[in-house]
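Engineer: Quick one: the structure is below, and I'll ask about it shortly.
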Amino acid sequence: MPVRVADPYRNSVWSPCTEDCGWGTRSRDNEFNNETQTINCHTLACPAVKGECRGDIVFILDSSGSIGDFNWHIAKQFAIDVMRGLKVGANQSHIGSIIYSPEVEVVFNLTQFDEVADIEDNMWSMPYISGTTNTADGLEALTVMVKDHGRGDAQPIAILLTDGISNVDANLAVPNAEYAKDNNIVLFVVGEYCECDGWYCECDGWYCECDGWYCECGGWYCECGGWYCECDGWNCECDGWYCECGGWYCECGGWYCECDGWYCECGGWYCECDGWYCECDGWYCECDGWYCECGGWYCECDGWYCECDGWYCECAAGTVSVTVGTVSVTVGSVSVTAGTVSVTVGTVSVTVGTVSVAAGTVSGGWYCECEVVL
């Protein structure tokens, strides 16, 4: 059964931009697999062309779960690069910043910083919230900021960076945008999504809506109206036999699955996960590590990898002493034709299948890879 894991880059530190202008790069390393992620930065030409008009510019960034940690940094860098192309100062352009997910946070208002370096530092340090998409309140905060801190002789401009459709007070998003325009705010929206038509869909954006029985989404966010997957940002509910939720969280092979944020709770036959980790006990599974693949009836996970005792499992550790013989396994019992098998972890309880034991080899169930020590 496939398993999604948390983003291993999430807590990595980005390097400073390699150039002051003319296309530099930032990078960060994944200490687990030695891979590197890179994004462009400071993309203005050297020297940059400076405009003479001044404005009150507010950046509004969608920090919802569907964005993802990597793209959150791309969005922040985009806002920084736009800001760096402006003539910023006390008597020139003023900059404000708002982020939103389920709640809205005013990072800094239009009169708080006059220096480009201060604005860039505060933009780059904006936290990734990772929750639902409350665009309506983000737009409301925009209008409040312009009224409280804007200048009557400067044009208010807002740049909204989002990846999809609102799912908190969605009916208020458009009215709040219209209200901002009624208050002379010029609003630009940067984002993308995809539309699905018919029984099947293919998505090349970040947002997908499906009205058929099956959906393949190329982004991190999907809603399926058929038997299978219904995803709502970081929340997932499955009514069919199988559910896949895009993003950082979970895929459940049980009958019912509810996913919320980084966590997964399955109401079916397999597992309940609380937090980042999972441990398995009997018919339910809880994981206690970043990488856990538990699919059997009786499995235990300890540390970073999975140690399972049953069918549908992948084992990263364990000791099996084998003499000779064949083991036929039924529910709750082990019968040995010839020889002896002793297992140091777990209890074998398998409803179907046969475990054949030869010298130095164990193969059993559908998914078993166990290390044997003779």
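Positions of Cβ are set from backbone N, Cα and C atoms, glycine also.
As annotated in TrEMBL:
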type	residues	note
DOMAIN	56-191	domain 'VWFA'
Engineer: Between 0 and 100, where does the mean pLDDT of the domain 'VWFA' (56-191) sit?
Structural biologist: 92
Engineer: Quick check on the domain 'VWFA' (56-191): DSSP residue counts for helix, strand, coil, in that order please.
Structural biologist: 53 helix, 33 strand, 50 coil
